[in-house]
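Novice: Dropping a structure here in structure tokens format, bear with me for questions.
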Amino acid sequence: QSIAQEVMSLLCMVLLTLTALVANTVVMLVILKTPLLRKFIFVCHLCVVDLLSAIFLMPLGIISSSSCFNRVIYSIAECQALIFLNVCFISASILTISIISVERYYYIVHPMKYEVKMTIRLAMAGVIFIWVKSVLITVLALVGWPQGNGATSASRCTVYWSPGAHKKAFVIIFSTVCFILPTIIIFAVYCSVYRVARMASQQHTSVPAQAAAPRQRSNSITSQVTIITTRNLPLPRLMPERFFLGSNKAILTLVLIVGQFLCCWLPFFAFHLHSSVTAGTVGGGHGEMVVTWIAYSSFAINPFFYGLLNRQIREELARLRRSCLNRPLGQELCLSVSEASVQENFLQFLQRATSTLETHASCISPSPRNRLDQTKVAFPIPGQVPE
């Protein structure tokens, strides 16, 4: 039975590593090969960090976790290198996720400010900040390590191998900076995102009521915009039950994103906090191996939640796959240059359940009336949240 469990755990670790390698590589290549998606800088950076973790960190984790490699011995320098990679990549991945959530917040809640202030220079400054902060935190983990030509087995190469009072301070700082603060930011940001999506849904449901009531003719700009927009909305589809259904889907989406982050990283940091605070408790063993690989699973899940969940990336991936297989592309993607925003349109995913504008069908086979209506509403409305 122990041999079967060992084989199953080894297969799971190898499968997670392969998934992280393939998924992060695919998302990164799609973003880099598509001009309209090249400003997904933070999503691409997250894929780079997770890919580096899958190349260097996860194979070393397999050696440290599996009993098949019990005879592998690390020198002090090799063990320090493993700890450096571990702390640095974990910090960079979590900090990138936090910046992605903040970027989404500004893109959705303050779209006008976002378009003006979000530049390549600012994005590169954010990437540099992530790595500088990650390296500084990693240096704290290597303080007080023994010097000389000592060695230890791979399974004992953890941050607790070199005991000392500073290890307790490091784990507290590491958990606060790389988990507690990012969790607070992610919760606050996605709650604001959900409020914006809910307000947008309520505005969609209130439009038919306004359109049904007779109104006197007015020449004001506001009345003209209201008449044009309400005339183009399919009134029978905007029903209250669809609004509640869409709200539930938006809640489910946010719960999945936040829940995935907590499920992967909460056991890891809770274990290390408990091991460092509790007197006489030394980390390591089976428990640390389990929570470590639960955390490593985030490297394989992130490209799906932050990359392939985006419709633009999925459509571009499908187009590239068809072109690589030399298949006819068929109908072109119903996504114009103005609609294919260079930033990740997270609100589009949230509002897809609540919004009932069937733009995809009208884009493939537009009727003369639709063409006329599209020409009338082709101007931007200041302050609107683009879908």
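Here the Cβ of each residue, glycine as well, is placed from N, Cα and C on the backbone.
Predicted, not measured: the structure shown is a model, and the values here were computed from it.
Just lifted these from TrEMBL, have a look:
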type	residues	note
TRANSMEM	6-31	transmembrane segment
DOMAIN	23-306	domain 'G-protein coupled receptors family 1 profile'
TRANSMEM	40-63	transmembrane segment
TRANSMEM	83-102	transmembrane segment
TRANSMEM	122-145	transmembrane segment
TRANSMEM	169-193	transmembrane segment
TRANSMEM	250-270	transmembrane segment
TRANSMEM	290-309	transmembrane segment
Novice: Looking at 6-31, 83-102, 122-145, 169-193, 290-309, which one has the highest count of Cβ pairs under 8 angstroms to the transmembrane segment (40-63)?
Specialist: 6-31
Novice: Output the single range from 6-31, 122-145, 169-193, 290-309 maximising the number of Cβ pairs under 8 Å to the transmembrane segment (83-102).
Specialist: 122-145
Novice: Select the range from 122-145, 169-193, 290-309 that forms the most Cβ-Cβ pairs under 8 Å with the transmembrane segment (6-31).
Specialist: 290-309
Novice: Could you tell me the mean pLDDT the prediction assigns to the domain 'G-protein coupled receptors family 1 profile' (23-306)?
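Specialist: In the predicted model, the domain 'G-protein coupled receptors family 1 profile' (23-306) has a mean pLDDT of 80.
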